[in-house]
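This report concerns only the one structure given below.
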Amino acid sequence: LQGIFVLGLPYALLHSGYSGLLLIVLAAALCCYTGKILIACLYEENEDGQLIRVRDTYEDIANACCKKLSPSLGGVVVNVTQVVELIMTCILYLVASGNLLSHSFPYVPMTEKTWSVIAFVTLLPCVFIRTLKIVSKLSQLCSLFHFVIIFVVITYCLTQMHQWSWAKFRLSLEFEDFLVSVGVIIFSYTSQIFLPTLEGNMKNPGEFRCMLNWTHFFACILKTTFALTAFLTWGEKTKEVITDNLPSFLETLVNLCLLTKALLSYPLPFFAATEIVYSCISKDSHSNYRSPLLALTVRGSFLLLTLLMAMFTPHFALLMGLSGSVTGAAMTFLLPSLFHLKLKWKKLSFLEKCADISVFILGFLCSLAGIVCSIKGLLEVFG
């Protein structure tokens, strides 16, 4: 999903001007910070003052925070939020695949929905994915195609340096357009859902904070370079997806790379969503929830659900914006800061408390603004 958001960064700069460059840096810092405090919630000090990992998942953190109200309330809320966001992400990949195929082969008399069905057929093997190892290999290929796309766009932009002009940046901003830019920039960094599992599977978890610092640093540099060079090249003509600005021969190549990236990206959120469901079933049932038949049934049901929603949900982009404003902001800003305050309050310094509270307020405002804009868009469409 980050790859898709990255392609919208130049368009975000069009509507945010110089503040967009600052937002790219600020979003990297905030998402890196919330990732760290989320992982900190997995640990508690023992009698000797050593940090011990006493929780394994986002759900465990939520249950620890809400245990006085209900032993499982927090976990249920987090799981539902995660599954909704992951399913919506999977649907977005299908919708994007159909759109990319229709643009890559405009002379073939097929609708975007038909192309989405063809993309869906290529994803059927996902029902047989049982381990994270397979998903990680697919994600490595996905990253390779992502860098190819970025490299092609930046290389083309560098050939157009003679027409660059800083005068293309605007100082005056439209508030609603600025909010759209904020959403695109912030959610191009989100990864909190996967961090507890990632940290738990590291050979040396002590290097997690260093890893998070460097990955967000390089992501910030790459995204700033990409967004800046693309916007300086096309200026006011910058389109929502920057590949639409490329010459036709490059656009087709990049669209096919994007299609491959979208299909390779699908297994990660799909696998994560089914694993959450498996975990819930194992707690609520004494049966063998890992039986092959049940595994195929759950995965097949999830796969079919994403296709049906991609095919029959009207104005999915607006609905995605609405759900993303709720689930994305909650998982990235609201819950990590809230959980950190709840579990570590007595050990936090005054500045750390202020930082957590500020992140929570910022996340709430971003979520509220996104909800208002999405609902307004839906009302205009259906009105």
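Note that Cβ sites are derived from N, Cα and C of the backbone, with glycine treated the same way.
TrEMBL labels come from automatic prediction, so no person has curated them.
Values in this document were obtained by computation on a predicted structure and should not be read as measured data.
The domain 'Amino acid transporter transmembrane' annotation in TrEMBL covers 2-375.
A Cβ distance under 8 Å defines the sequence-distant neighbours of the transmembrane segment (20-43), meaning residues of its chain 6+ beyond its ends; these are 9, 12-13, 51-56, 58, 60-61, 64, 181-182, 185-186, 188-192, 195-196, 199, 208-209, 212-213, 216-217, 219-220, 223-224, 227-228, 332-333, 336-337, 339-340, 343-344, 355-356, 359, 362. Under the heading transmembrane segment, TrEMBL lists 20-43 (among others).
The transmembrane segment annotation in TrEMBL covers 76-95 (among others). Panel annotation: around the transmembrane segment (76-95), residues 1, 4, 58-59, 61-62, 112, 116, 119-120, 123, 193, 262-263, 265-266, 269-270, 272-273, 276-277, 279-280, 302, 305-307, 309-310, 313, 316-317, 320, 323-324, 326-328, 330-331, 335 of the same chain, lying at least six beyond its termini, place a Cβ under 8 Å from a Cβ of the stretch.
Per TrEMBL, the feature transmembrane segment maps to 115-132 (among others).
Through the fold, the transmembrane segment (144-166) approaches residues 3, 6-7, 222, 225-226, 229-230, 232-233, 235, 242-243, 246-247, 250, 253-254, 257-258, 260-261, 264 of its own chain, all at least 6 residues removed from its boundaries and within a Cβ separation under 8 Å. Under the heading transmembrane segment, TrEMBL lists 144-166 (among others).
Feature annotation from TrEMBL assigns transmembrane segment to 178-198 (among others).
TrEMBL lists 210-233 (among others) with the feature transmembrane segment.
Per TrEMBL, the feature transmembrane segment maps to 253-281 (among others). Remote same-chain partners of the transmembrane segment (253-281), defined as residues 6 or more beyond its termini with a Cβ less than 8 Å from a stretch Cβ, comprise 1, 3-4, 7, 57, 59, 79, 82-83, 86-87, 89-90, 93-94, 96-97, 100-101, 103-104, 119, 122-123, 126, 129, 132, 134-135, 138-139, 141-142, 145-146, 148-149, 152-153, 193-194, 243, 246, 289-290, 294-295, 298-299, 302-303, 306.
Under the heading transmembrane segment, TrEMBL lists 293-312 (among others).
Annotation comment: TrEMBL describes 318-339 (among others) as transmembrane segment.
Annotation comment: TrEMBL describes 359-379 (among others) as transmembrane segment.
Count of Cβ pairs under 8 Å against the transmembrane segment (178-198): among 115-132, 210-233, 293-312, 359-379, the largest is for 359-379.
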